[in-house]
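As recorded in Swiss-Prot, the features of this protein are as follows:
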type	residues	note
DISULFID	C2-C19	disulfide bond
DISULFID	C9-C25	disulfide bond
DISULFID	C16-C51	disulfide bond
DISULFID	C18-C39	disulfide bond
DISULFID	C27-C37	disulfide bond
Amino acid sequence: SCINHGDACDGYKDDCQCCRRNGFCSCSGIFGYKWNCICDVGTTATSYGICMAK
């Protein structure tokens, strides 16, 4: 099962939890703590660890 775009995700897991191939778990955070995490869509311009294994 995967998490739809815009829904809450686990910021401590990898980005493959989000349904979209170019999706990633976008969080607010500081000093290793993460909160307000939702599945967002990245582009090639972002440096997020986008899951390409889908």
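Sequential numbering from 1, following the chain as shown.
Backbone N, Cα and C define each Cβ position, glycine as well.
The Cβ of C25 (disulfide bond) lies under 8 Å from the Cβ of C9, D10, G11, K13, D15, Q17, C18, C37, I38, C39, D40, each of these being in the same chain and 6 or more residues away along the sequence. Secondary structure from DSSP puts C2 (disulfide bond) in coil.
A simple Cβ count within 10 Å picks out one of the disulfide-bonded residues C2, C9, C16, C19, C27 as the most packed, and that one is C9. Between the disulfide-bonded residues C18, C37, C39, C18 has the most other Cβ atoms inside 10 Å of its own Cβ, all protein chains included.
For the pair formed by C2 (disulfide bond) and C16 (disulfide bond), distance between Cα atoms is given as 8 Å, rounded to the nearest Å. In the three-state DSSP scheme, C27 (disulfide bond) falls into the strand class. Annotated pair C19 (disulfide bond) and C27 (disulfide bond), C-alpha to C-alpha distance, rounded: 16 Å. Separating the Cα atoms of C27 (disulfide bond) and C16 (disulfide bond) is a whole-number distance of 15 Å.
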